[in-house]
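*Asks:* Below is the structure I would like to discuss, written out as structure tokens.
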Protein chains: 2
Amino acid sequence: MTSIINVNLPQQSYEIAIAPSSLEQLGQYMTDLQLGKKVLVVSNPTIFKHYGEKAIASLKSAGFEVASCSLPAGERYKNLNSIQKLYDIALENRLERSSTMVALGGGVIGDMTGFAAATWLRGINVVQVPTTLLAMVDSSIGGKTGVNHPHGKNLIGAFHQPRSVLIDPEVLKTLPMREFRAGMAEVIKYGVIWDAELFSQMEASKNLNQLRYIKPELISTILTRSCQAKADVVGKDEKEAGLRAILNYGHTIGHAVESLTGYRLVNHGEAVAIGMVAAGQIAVDLGLWQQEDTERQNALIQKAGLPTKLPDGVDIEAIIEALQLDKKVKAGKVRFILPTQIGVVTIKDDVPSEIIRKVLRGM
Amino acid sequence: MTSIINVNLPQQSYEIAIAPSSLEQLGQYMTDLQLGKKVLVVSNPTIFKHYGEKAIASLKSAGFEVASCSLPAGERYKNLNSIQKLYDIALENRLERSSTMVALGGGVIGDMTGFAAATWLRGINVVQVPTTLLAMVDSSIGGKTGVNHPHGKNLIGAFHQPRSVLIDPEVLKTLPMREFRAGMAEVIKYGVIWDAELFSQMEASKNLNQLRYIKPELISTILTRSCQAKADVVGKDEKEAGLRAILNYGHTIGHAVESLTGYRLVNHGEAVAIGMVAAGQIAVDLGLWQQEDTERQNALIQKAGLPTKLPDGVDIEAIIEALQLDKKVKAGKVRFILPTQIGVVTIKDDVPSEIIRKVLRGM
């Protein structure tokens with residue numbers, strides 16, 4: 001059964017296709033998109049071992065000329081050095097403007113492949129084939145691409161929409177448990193900011209922290225409703241002029257925590273979970289949200305096996321300072337996305353440092 | 001007297017203002033654009049010595065917070081290392097999404113500043129303040145930004161339109177003669193591809209190779225008609241889906257010559273001049289253009305003090321091979337822009353290598 005979700009954009013609309021075993025149809029799928037013959041598949045060693053051969057075989061049998069490249073796994077390799085490697089391989093394989101880079105992997109691979117595609121020959125095609133839950137429901141959709149600066153996450157990047165997103169839920173079976181949970185953080189985020197029904201369905205599930213204990217129907221709901229939420233928001237505000245900022249719920253403090261722990265101790269989803277707990281409490285302290293709803297949120301985060309406390313050794317003042325570097329800073333004021341009820345958030349541009357400090361001390 | 005030329009684009013239109021002594025009005029001018037308070041002025045040591053203080057003083061007196069950065073001059077520094085320096089300075093100065101980079105310099109500074117602005121925080125403002133003739137009439141307009149890969153020019157880049165282009169013709173007085181001539185190559189290009197009247201006015205001028213021997217009215221005509229030609233073409237085809245390719249007249253072989261001489265022996269304008277001579281002859285050999293008109297073109301190129309022969313030691317086979325790397329290559333076929341009369345060109349996708357080889361041997 002295939003679900004198709006459309007991302008409607010003024011310049012270039014595209015679809016997200018969610019279908020079991022669709023990885024084997026990649027070649028046919030890309031043929032339908034009428035892309036040029038040359039394809040560069042970008043992955044990391046682990047993913048490539050599991051799925052590289054299958055993807056390449058499918059592309060070749062559909063008549064594509066396929067090159068491939070494996071970049072080291074992990075957020076700490078999401079930098080310009082990796083992008084330069086992609087440029088070199090693009091050059092070696094004479095990629096043309098009609099050529100396509102296929103991002104076969106998680107968020108890191110998707111962001112880097114997207115950025116390389118955005119900036120090679122001033123922009124070539126990219127098709128996202130996400131293999132982690134986080135990439136499926138979030139990073140592969142919406143055209144945000146980029147790499148980290150040594151002093152800040154995602155500071156270097158571009159908006160570059162994919163030609164298509166192909167999601168094969170089967171590949172989640174090889175996803176490490178911790179990675180699955182990281183993805184659940186973004187799914188819970190959609191529940192809090194946009195989709196109260198999704199939130200309730202997750203509340204009703206006995207288990208949320210391991211793929212094999214979650215009913216297949218709920219996995220299907222999680223994928224389609226999350227992708228739909230992302231597509232809705234991006235379709236209304238592609239370049240983050242306003243609404244799209246709500247997708248950063250939990251990310252303001254989350255990014256600071258990731259950065260301060262060197263992208264090692266805490267992964268992106270865990271950092272977002274911590275950030276949502278903090279933002280929820282800030283919302284309560286500002287009188288915007290009910291304590292009861294924060295607790296429902298935090299219970300869901302815990303059920304998904306995600307952290308709700310700051311990691312040991314993270315300095316609160318360092319977080320406050322790191323917030324000043326956030327892309328969302330405007331005239332020195334930190335912007336926070338804060339819930340007002342389950343499924344609804346508001347944007348506050350002027351949260352006092354004192355409140356942030358107090359909430360972080362309480363965690 | 002100020003001339004305003006509008007660049008009309010679907011997403012973001014902007015104006016080119018041509019006005020003597022306008023550099024001193026930069027601050028006021030940028031205030032009118034309603035940009036954020038933080039500005040990073042990017043230049044090179046020579047230009048900065050001449051005009052940096054004036055630009056910064058004007059910005060500061062208009063209330064901007066100004067940082068500045070001087071990058072080494074020359075095409076061979078147009079690489080990712082320079083971009084990384086700009087990222088570091090952007091970070092140090094906490095540039096925000098509303099901040100602006102000002103490119104005060106020639107084509108290299110404009111391309112690099114534009115690319116850094118395109119990719120910092122996924123895109124901040126850039127204002128182009130070109131100081132060379134070439135940058136005034138060509139590279140500052142139209143949003144092409146980028147840097148070179150060690151094996152090819154402008155392979156890394158993005159489309160990122162400036163918020164405005166401010167041209168102060170007074171600054172041409174400090175432009176070295178060779179640089180002035182390089183800019184004339186692009187002006188002659190507009191005459192051949194778009195504006196027969198501009199071509200005739202240049203033919204009628206006794207001198208074309210030194211600013212001080214050219215009548216001020218002709219300089220004014222050259223600037224306004226060239227900018228208008230560029231704005232017309234870009235307005236019709238921002239992302240080079242079709243028409244815009246005509247601006248690459250002379251650039252196909254030109255880029256190869258620049259690359260093969262290591263961006264040292266021959267500058268961009270000289271390479272374009274050589275490329276126009278070659279393309280003109282290819283057009284004649286294909287029966288598209290009159291021999292007489294090619295000779296008129298070549299006479300104009302010579303009058304502007306530009307080369308019409310291949311530099312010594314450039315291997316013709318290496319040029320043929322380099323053409324395969326050109327961004328305009330489609331399915332391995334080299335695209336040429338070829339004149340059919342003065343002021344009119346056509347696009348040919350299938351020029352046989354044999355003809356290219358023969359023409360190059362004859363130069």
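Counting starts with 1 at the first residue shown.
Cβ atoms are placed via backbone N, Cα and C, with glycine included.
As annotated by TrEMBL, NAD(+) binding site applies to B:Gly107, B:Val108, B:Ile109, B:Gly110, B:Asp111, B:Thr131, B:Thr132, B:Lys144, B:Lys153. TrEMBL lists B:Glu186, B:His251, B:His268 with the feature Zn(2+) binding site. Annotated domain '3-dehydroquinate synthase N-terminal' per TrEMBL: B:69-181, in sequence order. What TrEMBL records for B:183-329 is domain '3-dehydroquinate synthase C-terminal'.
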*Asks:* What Cα-Cα separation, expressed in whole Å, is found between B:Thr132 (NAD(+) binding site) and B:His268 (Zn(2+) binding site)?
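*Replies:* So the Cα of B:His268 (Zn(2+) binding site) lies 12 Å away from that of B:Thr132 (NAD(+) binding site).
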*Asks:* Measuring CA to CA, name the entry from the binding-site residues B:Glu186, B:His251, B:His268 that ends up nearest B:Gly107 (NAD(+) binding site).
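*Replies:* When the Cα distances are compared, B:His268 comes out closest.
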*Asks:* If you compare CA-to-CA distances from B:Ile109 (NAD(+) binding site) to each of the binding-site residues B:Glu186, B:His251, B:His268, which comes out shortest?
*Replies:* B:His268
*Asks:* Once the DSSP letters are reduced so that anything not helix or strand counts as coil, what is B:Thr132 (NAD(+) binding site)?
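*Replies:* DSSP call for B:Thr132 (NAD(+) binding site): coil, neither helix nor strand.
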*Asks:* In whole Å, note down how far the CA of B:Lys153 (NAD(+) binding site) lies from the CA of B:His251 (Zn(2+) binding site).
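*Replies:* Approximately 11 Å lies between the Cα of B:His251 (Zn(2+) binding site) and that of B:Lys153 (NAD(+) binding site).
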*Asks:* What are the other residues, in sequence order, whose C-beta lies within 8 angstroms of the center of the C-beta atoms of B:Glu186, B:His251, B:His268 at the Zn(2+) site?
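*Replies:* Neighbours found: B:Leu134, B:Asp138, B:Ala185, B:Lys189, B:Gly250, B:Gly254, B:Gly269, B:Ala271, B:Val272, B:Gly275.
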*Asks:* Which of the listed binding-site residues (B:Asp111, B:Glu186) has the least company, meaning the fewest other Cβ atoms within 10 Å of its Cβ?
*Replies:* B:Asp111
*Asks:* Rounded to a whole angstrom, what is the largest C-alpha distance between any two of the residues B:Gly107, B:Val108, B:Ile109, B:Gly110, B:Asp111, B:Thr131, B:Thr132, B:Lys144, B:Lys153 that the record assigns to NAD(+)?
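*Replies:* It comes out at 22 Å between the most distant Cα atoms.
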